[in-house]
């Protein structure tokens, strides 16, 4: 009785201190900016964040990290990628797999080189040597790696942070040289003159993966007439047959022009031929002023409309008959032939006649090789026309050359029309400036040599989503040889020596092996630091004066594409092929492809068993994030908050991680303040549900106080069965990388199954019962089992919350960390699906009653649902069976229908009531709600007819009297 306090105003007992109210240190608020770093420090201290996965005894699971570029601050794309990987790794770790996640960084390439140059003034640049540039670039890259690494750690990402792989590491560079050598020995590497994507802004060749195609590019497209100088006999015969009036009395044809269409007027000076498709039909057409042109038959009408001239068909001929026409260049005193090209010449656009500049297009180049044409390429590395372009020397092909050349074509009477043309055009992905095709001597990987093997290897890989297989298949099937050389300083050098006074190249097993050994000890800088004599193997020292070092470096995609060779095939506890590669969908043409090609070339199989791709992070309106739009979402601001905490609150890393789990990452995913609020609400619901469970366990020790599963009430057994179902559902979601299903399932479980149903019913058991009452201990047994499972289920995603829950479980646990417990298992004793049909029917009836009670509350007829009495007439057999099933266990004082419905009294059947607040008839029941009779118990709030007879406790019910008197 000493625990009973009195209300000073009413001078009667208050019973708050007799209730079993929540007690836990697990806060309602996460306080993530302080708590999450504390939990991360705990993981490090206990060697959980990396050693746990490494020390597991299960089979090895390897997710090989695609290296992000060591430049710039972390963005939402990084967050999406790294958190997805971490969710998978944590899940596999908890399943007992041996997980060794080695994070990596791509450290070479132009952007870093440009950052170094931008930080220097003109005088510093003038004194800059290649080796000084490389030293500065390496220092910059390492600084960026350190900053990005700190960000990844703050997100809760686990990995071997003490030994990441960097493409600038000595061992990595040496391994890359060895891989290059193996491809050389297999005959897959060659040097040749070919048109390649060239970036005048970067002054280097580019691979397809280094290009982007922004919208809105407009070119000056032109229709040009090339005057025919001589026609073959077969064509003359066809004209004589079909339109003899076109030939004059001297047997000569009136002036005839070949019409081409191009979007690169600056290439006209490099014209060496006009190509036609021998299978297409062409026409000689005549305008009203009697001028004649040759054009593809299917394009005549479209071209006539474009140039504004009406043409009449006069002669219909096959493309093969045009072979051998000789025409005059419109700007130079030069004649060239019409040749037969290939199927690349179509009638989808243009004129069906292709202006062929062999130095500026792959098809043009191949046609030129076929006909032994000159490979003219009058453009230098900066994009300026050279002496070969005659009077156009010095003009920039991307600036003033087009206008000047078009003007000269007008003056020559050769321009039919100039039309602005918006189309996809390749830009340098680093400088964001246009590129050109330019024929230069480059090093190539001969994809043609192992294309079929690569296509076969693609079939052996599981691609998620499946559309990824078709995408990379078409890319590999259609791609040309891979240009792997770059004219830059910051990269891994191509280890080749060129003869000073000849054409020989020194590149063999001995030289490559020697260079690789040197790099493994000293790093690639020695290529610039050492003399040739110091780089050549001993057997070549007497030839040092004969050779000079090459200056090209390797494509950065070759760097990252060789990571399988230097990381997963070399280090312990890693699988090659890797179990999984996971990157953005743009990597089908990037890292996935470069890794595939190098691995297939050397080992004839892919470096991965499974490939999973994700989309890009967009703003809430589906727009790409950019500074100009002002819509960039910073992961750091999500975690720590912005300068204005009301606008940008500090959500913590777990909310960021929960967002990742919530999205359909197979497509582009939106993120913004409204979405973050929604995710934060879900986070809060999971947290508050967990807090409620923990708060009701403050006096519970599972080893001492738990009730045997077999003796639990039906409600509790159903709750364990439902938990078992959720474990299976979430396990499947993780196994299938369907993390949004985890998000939906855990949210539904916490809100619908726990908060709105089981815990709603359990409040009376937990708060009002005596501490050791069966009603309470049975519920606490379930709460303890469920909270341990919830902690495990959310751990891969909400790793900080999961660990915080675990550390706040009030009884002793064998494991210090939830991650040491492992993945939640499902005891057989929990499973009993026969409960589901009965509980489903009762929940359906409960929902009807709740809706009716809510109506009464809205009308202010009722306050708490305990102020109500309910009468139910059951017409549905399933509902009747469910009520009978529950009634069999009423003696445990838990499985009581009025408690399930949270009302003070419930009557099944009987006469309709005279006074009701609301009633409803439906297909399965007739329900009436009236005000409860009796008196309100001040302790449990139930309305009872009989109250305590104890003069000190007349305002509580008999049930509560027993509890209070026993305290």
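Numbering starts at 1 and runs along the chain as displayed.
The backbone N, Cα and C atoms fix where each Cβ goes, and this holds for glycine too.
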Matching range for Swiss-Prot feature annotation, motif ''HIGH' region', among 57-67, 68-78, 79-89: 68-78
Which range of 619-623, 624-628, 629-633 is motif ''KMSKS' region', per Swiss-Prot: 624-628
Chain-mates of 937, 940, 957, 960 with C-beta within 8 Å of site centroid, Zn(2+): 768, 938, 939, 941, 942, 944, 956, 958, 959, 961
Close approaches to the motif ''KMSKS' region' (624-628) from elsewhere in its chain (Cβ under 8 angstroms; 6 or more beyond its ends): 75-76, 616-618
Long-range environment of the motif ''HIGH' region' (68-78) - Cβ separation under 8 angstroms, sequence gap at least 6: 105-107, 109, 111-112, 115, 141-142, 144-145, 147-148, 151-152, 166, 584, 616-617, 625, 632-636, 671
Per-residue pLDDT averaged over the motif ''HIGH' region' (68-78), given as an integer: 95
Summary of DSSP states over the motif ''KMSKS' region' (624-628), given as helix, strand and coil counts: 0 helix, 1 strand, 4 coil
Residue 627 (ATP binding site), number of other Cβ atoms within 10 Å: 7
Listed in sequence order, residues with CB under 8 A of residue 940 (Zn(2+) binding site) and six or more positions away: 764, 767, 768, 956, 957, 959, 960
Helix, strand and coil counts within the motif ''HIGH' region' (68-78) (DSSP): 3 helix, 1 strand, 7 coil
Between residue 583 (L-isoleucyl-5'-AMP binding site) and residue 627 (ATP binding site): CA-CA distance (Å): 24
